[in-house]
Amino acid sequence: MNGTGRTRDYCIAMIGMAFFWVYFRHQAFFQALYPLATSAESGGHAMLYVAVMLVLLVLCALAIPLAPRIETLLRKHPVSVVAAGAAGSVGAWCAVASSGAAGVSALQVVSVPLVALGFFAACLAWARYFVRVFSARAITLLALSYVLSLVVLSCLGFNSQVRDAIAVASPLCAALCWYALPHPATGEAAGPALGLSAVIKKTDPYVLLFIAFLLAGSFVRGIVDLGGATDFRWPISIAMAVAVLAVCVLYQRGRFFQGAGEDPNDASNVEVMVLKCWVALALCFFLGAFAFLVAGPDFVGGQVVVVSRSTLDFFLWILLCNMVKRGKLPFVPVFVACSIFVEALSWIISYSLTPSLLLISGTKRLAASEMLVLVIVFVLLALIIAFLGVIVLRNAKKASAPALSFAAEAPVQVEAASDSAEQADSLSIAQAYHLTAREMEVAELFSRGHSIKKVAATLFISTSTAQSHIKSAYRKLGVHTRDELIEKLGNG
């Protein structure tokens, strides 16, 4: 593809994803379709909103066993996404057109499955595209689309009529932009069907940590949004989105979160960049929660928690694309279980479960809000401590394993000399065959008889990452079997 065609595709993808990100901000999309409030007369709209989320959960349950067929449908019949997007826009129009009606109208009931279908199809379509083109440049493109969605569409949405128009147009615009992009006529066959338990087993622990933060932040989002304290949301969102874009641009240019000469497209480097951003967002999250507890839900602290949580949606997308691309996993079950399902559940927590809990507390609503935030902070801190404990334990095992194996064979002095000699040999082999440090580590452990799972556990990387490194090491060393690898590395 020439430079002009590539630029055109990037612009289309950026615009299409900008419309897609609208789905992820309640005020920009669902609030226009199904207005929520704490008053009794809005109860019908609240039930419709929950109904959309429940339809999404049903679609998730159906999609996981049907994943190979859905992948084939997207590959062979991309127009199906446009049809789903059109259905989503029709459903959005039905909801907007009847939003002023007393009670629940027939149009609103019809809108529920159509709106859910539009979101479901758009999420899988864009997931397929970015998994296929995933790179450091694609990460920057995602960040640009996120900023565009906030700056342009949110700014226009301050006018209620324009906001309604954007809400109605977003499903179809997101689908049309995806359809306008090139779709290879041939491609990899659809992957095998994976059950939910299999998807969870293959999911990186970092993804599960992100999901825990997203669900926990959903409780605070429900408290803040229903309290009406959203004055600072937009400027904080813009500032954080611009900061994320700056990080992504610097990362793409090789100036951030990776060493000199490291490839920004490498899956392990992407993980490092995302996890360091997670550390920054987690700090913002806890600082916001602290301010929330000190000054109450009307203060800016609640907004910081909500915006930090929303930014994690962006980085979760990057992690999922990276995981699927690196591990050659089927994208449908991964995005269904880790993205669509999580979003639907988090929306239910924010706008159904949390309001119900607060209404039950009655006059003690503020105290209940504070108690809920305290519980969330406690649970997240416990998760982080447990997560870091696993890291320390695995690194300790990694460090002690070589020492224990050599201790039975030689005195300490000989062991140290042997280690130094082995390190020198490994360094010379890595330099001679242009292996990265991680590839050399994986190859060394694999040549000593460890299984791929054992290597992955020792180095605290996923199994798919270990497989990717060992394949690369085999190719660079020119070997095809473990015996040849042992002979090449001198570990026989």
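Along the chain as shown, the residues are counted starting at 1.
Just so you know, glycine gets a Cβ as well, placed from its N, Cα and C.
Here the structure is a predicted model, which means the values were calculated and not measured.
Copied over from TrEMBL, here are the features:
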- 12-34: transmembrane segment (TRANSMEM)
- 46-67: transmembrane segment (TRANSMEM)
- 79-100: transmembrane segment (TRANSMEM)
- 106-127: transmembrane segment (TRANSMEM)
- 139-159: transmembrane segment (TRANSMEM)
- 203-220: transmembrane segment (TRANSMEM)
- 232-251: transmembrane segment (TRANSMEM)
- 272-294: transmembrane segment (TRANSMEM)
- 300-319: transmembrane segment (TRANSMEM)
- 331-351: transmembrane segment (TRANSMEM)
- 371-393: transmembrane segment (TRANSMEM)
- 428-492: domain 'HTH luxR-type' (DOMAIN)
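Over the domain 'HTH luxR-type' (428-492), the average per-residue pLDDT in this prediction is 80. With pairs at least 6 apart in sequence, the transmembrane segment (300-319) and the transmembrane segment (232-251) have 3 or more Cβ pairs within the 8 Å limit; the two touch. Here the transmembrane segment (46-67) does not touch the transmembrane segment (272-294). Their Cβ atoms form fewer than 3 pairs under 8 Å, with each pair 6 or more residues apart. Tertiary proximity for the transmembrane segment (79-100) is limited to same-chain residues at least six positions away from its ends with a CB under 8 Å from its CB atoms, namely 32-35, 45, 48, 73, 107-108, 110-115, 117-122, 125, 164, 167-176, 178-179. Here the transmembrane segment (331-351) does not touch the transmembrane segment (139-159). Their Cβ atoms form fewer than 3 pairs under 8 Å, with each pair 6 or more residues apart. The stretches the transmembrane segment (139-159) and the transmembrane segment (272-294) are not in mutual contact, being linked by fewer than three Cβ pairs under 8 Å (pairs 6 or more apart in sequence).
Residue counts for the domain 'HTH luxR-type' (428-492) under DSSP, helix first, then strand, then coil, are 48 helix, 0 strand, 17 coil. Residues 16-17, 20, 23, 33-34, 44-45, 48, 51-53, 55-56, 59, 63, 70, 74, 78, 80-81, 84-85, 87-92, 94-95, 97-99, 171-172, 174-175, 178, 317, 320-321, 324, 331-332, 335-336, 339-340 of the same chain sit 6 or more residues outside the transmembrane segment (106-127) yet have a Cβ under 8 Å from a Cβ within it.
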